[in-house]
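Participant: Residues or ranges marked as substrate binding site in TrEMBL: 66, 116, 162, 169, 193, 241, 259.
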Ligand SMILES: NC(=O)CC[C@H](N)C(=O)O
């Protein structure tokens, strides 16, 4: 699609988001995120060989939170390969991202790497044989290389805010430990996990960081094509927790959300799209972000289920 046409679509999507009265509710269980102004919106589209196009506040940094789980999964698969699947499943959970119930029923093997329990196990796997600082550095290095931007950093106040209040995540980690599915002390694995969630990026950086998952010619080759397809499949089926079916229905593309209000969406072979609006819907996914992605895909026809706009 030509740049000026795509830019007009992005402007239209941003105008509609700014005009929407119900912006959802910001995540208030993490004190640092509770203070974010919900009246903000940004969208960015990255394509190899084209400038990254944006609309709204695309240079404003936000906490990527669970979007980081995609990058950590790529690092863990690079390190362990299929051995990771001995510890975590690949099925949608149909439960909230921080649910404890399935972990109890399924004896400490989380359903997938994107719910919190599964992401904690994935981070624990990245820690295998490494010092915590090295593991975190490996995740941050991956993100910086994917985005081609060494300025991307971790917001330590956000991480500390979760260390002080993340009781549910501590419960999940202790539960995993009791079932022999955590190889490090909960403080250590969670310290790494909270810092990975506290990576900050703006929309333009996040769209660039997702390019490796598009498998487009000219995109960074960070993982093999077969692994790209598998990561995208997990994003499609599990990336929005118990709202994954709804996101697939509305948007038709693999995506991963975070409680900071960011969503990374991949149009395979076409583009990497980042959207940010801090207010969340009842699943803990960005409300305006989801609506904007629905509008964008209707206007562009980008979908894994069909290829015509309208
Ligand atoms: N869905 C999310 O973005 C959750 C991430 C957050 N750091 C948590 O562990 O609760």
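Each Cβ is built from the backbone N, Cα and C atoms, and glycine gets one as well.
Structural setting of the listed features?
Facilitator: Contacts of residue 66 (substrate binding site) defined by a Cβ separation under 8 A and a same-chain sequence distance of 6+ are given as 97, 114, 116, 119, 197, 256, 257, 258, 259, in order along the sequence.
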Participant: Measure between the Cα atoms of every pair in 66, 116, 162, 169, 193, 241, 259, the residues the record assigns to substrate, and report the largest value in Å, rounded to a whole number.
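Facilitator: Pairwise Cα check on 66, 116, 162, 169, 193, 241, 259 gives a maximum of 20 Å.
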Participant: If you count other CB atoms within 10 A of each CB, which of 193, 241 wins among these binding-site residues?
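Facilitator: Answer by Cβ density within 10 Å: 193.
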Participant: Near ligand 1, which of the binding-site residues 116, 169, 193, 259 are found, taking a Cβ distance under 6 A to any of its atoms?
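Facilitator: Once distances to ligand 1 are taken from each Cβ, 116, 169, 259 fall under 6 Å.
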Participant: Which number gives the other C-beta atoms within 10 angstroms of the C-beta of residue 169 (substrate binding site), all protein chains shown included?
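Facilitator: I count 22 other Cβ atoms within 10 Å of it.
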Participant: Can you tell me the three-state DSSP label for residue 259 (substrate binding site)?
Facilitator: coil
